[in-house]
Amino acid sequence: MSILSLVGLGISKKFITDSAIETLSNSDIIIFDRYTSRSCDINVDVLRRLVKGEREFIEADRSLLENNSKAIIDYLDKGYNVSIASIGDALIATTHVSLLIEAKHRGHEVKVIPGISVHCYLISKSLLSSYKFGKSVTVTFPYNDFIDPTPYNVIKDNKERGLHTILYLDLKNEKAMTANEALQILLRLEERHKKSVLSKSDIIIVGARLGCDDERIIALKVEEATSFDFGNTPHIIIIPGNLHYMEADAIKWILRS
């Protein structure tokens, strides 16, 4: 019986836990998930320096983690202990639970090492109430002329219930979507559907390079945000719902002057 570990690395190097390093050190194969999310300063070379000793490192894209997961199960069946190391938390906004289920069905031991995710970090930094967040959603790059309306519809549903929406931004072929690009996509959807989900005068919150020394978190109007320089990626956005008076007061501390 082998061990499959899902290891959350946190959102930057300073949030990698001792438990994460210990688990990786006890693995024969470390699969670094570079598809699900990005960090401002964690990459496979950082893991090589943190984890001592000889072992195999694999940089995994979507094809391995979702479409060819049998290869990971095969490693376990051959007696190798395998860790999948993910930015943030290994099970928040990922599909890795399917691997745990399959490994368990085949008689292997499974472990989960939680990490600080951008989801909880952003909520804390935004000063908004954690109880008032609805479903999160990813804004994806357009495909030819097709723009996926899912984020627009999720924001609409959340706003109708007075809830805030966290928008994850797409990562495709090593290119991370910027907050500016995401907002332009949403405004195009607003032009098409005209359901008053997002207006240029709405206040939003944008986080950039969260967890790193140069992180930024700014509240500003959509019309300002579309051309604002948020710096290097990764970026993430909150579309607020109805603000409690304490939230409205607190948000002033991060409001762009």
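For all residues, glycine too, the Cβ spot is worked out from N, Cα and C.
What Swiss-Prot records for the S-adenosyl-L-methionine site is D89, I92, S117, V118, L169, L210, H235, and among I11, I16 the residue it adds there is I11. Around L210 (S-adenosyl-L-methionine binding site), a 10 Å sphere centred on its CB holds 21 further CB atoms from the protein chains shown.
For S117 (S-adenosyl-L-methionine binding site), the same-chain residues that are 6 or more apart in sequence and have a Cβ closer than 8 Å to its Cβ are G8, I11, G88, D89, I92, A93. Cβ neighbour count for H235 (S-adenosyl-L-methionine binding site): 23 (other Cβ atoms within 10 Å of its Cβ, all protein chains included). In the structure shown, across all protein chains, I11 is the one of the binding-site residues I11, V118 with the greatest number of other Cβ atoms within 10 Å.
Between the binding-site residues I92, L169, the minimum number of other C-beta atoms within 10 Å of a residue's C-beta occurs at I92.
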